[in-house]
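Structure below; questions to follow.
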Amino acid sequence: MKPLNIIFAGTPDFAARHLQALINSHHNVIAVYTQPDRPAGRGKKLTASPVKELAVSHNIPVYQPGSLRKEPAQQELAALNADIMVVVAYGLILPKVVLDTPRLGCINVHGSILPRWRGAAPIQRALWAGDKETGVTIMQMDVGLDTGDMLLKTYLPIEDDDTSATLYEKLALQGPDALLQALEGLANGTLTAEKQDEALANYAEKLSKEEARLDWSKSATQLWQEVRAFNPWPVSYFEHQGNTIKVWQTQVSTTSSNAAPGTIISASKKGIEVATGDGVLTLLSMQLPGKKPLSVADILNARGDWFTPNTRLNHEAQ
């Protein structure tokens, strides 16, 4: 297969994994587009994206326009004369003129099985909703939000102990292989594009800190899903004794209870059991203000007085 001349557009670490795979392949990455450097850290020093750092280390030209809507930026991209543009978590809207510029158009690596979970947070929403599987879709980009024709899909079962952090890692391994496979199919003309079924489409809204507050009136199963979805960000939490306590790990208990939602049923080294709107949730790992995440056994040693049975955890902001 003849090597393709590729423009790569991406910004975070997830994108950098895909760029690395392209660099390692026989294809030519002729240019990289990434978001402008942003202030980061305590000193608010201007920091390059992971994609830019990788590109610079391989002497690949880097472009960082604030927008691709203006003609000079579009002409600059067209002058690169690329066969295809690969887009992974870039963060800028690509207007139609840009989508139509490369010979084979623009393709995108998306972290869900489309048309389910279009949008910004597909990995987190799959966990939040209790989906049993997720995966990667390579699609031909159009002007809509993740609405383009699907070129290739790979599947990944979601395990009970998966969090957004672990799924991110698994998909960051699966995505590059799927991308290389799709590029081979496109170059050889062996891929058949499949239209998305609009009736099955839904949107993965961005997560918010407000949404991470545990509402004990929900079911234990839903809360267990949320804790996994919001790990590592924004991290589920509840308010108690005037403090915000983060919850990193839970499981659904087999204990039954008629207690009011938010009531502690039992507290032991094995976990703190809390009544919910439906079922009982066992808290296994938590984080007190200013401390590291700890097992419940360690939390009870430090603050056992906060978590005595029949105490009602206050999920309203103080």
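Start at 1 and count along the chain as shown; that gives each residue its number.
Each Cβ is built from the backbone N, Cα and C atoms, and glycine gets one as well.
When I checked Swiss-Prot for this same protein, it listed these features:
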BINDING   SER112, ILE113, LEU114, PRO115  (6S)-5,6,7,8-tetrahydrofolate binding site
Non-local Cβ contacts of ILE113 ((6S)-5,6,7,8-tetrahydrofolate binding site) (under 8 Å, 6 or more apart, same chain)?
GLU133, THR134, GLY135, THR137, LYS153, TYR155
Using the recorded (6S)-5,6,7,8-tetrahydrofolate site (SER112, ILE113, LEU114, PRO115) as reference, state which further residues of the same chain have their Cβ within 8 Å of the centre of those residues' Cβ atoms, listed in sequence order.
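Sorted by sequence, the hits are HIS110, ARG116, TRP117, ARG118, PRO122, GLY135, THR137, ASP146, MET150, LYS153, GLN196.
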Find, for the listed binding-site residues SER112, LEU114, PRO115, the residue with the lowest Cβ contact count at a 10 Å cut-off, counting only other Cβ atoms.
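Taking SER112, LEU114, PRO115 as the binding-site residues, the minimal 10 Å Cβ count falls on PRO115.
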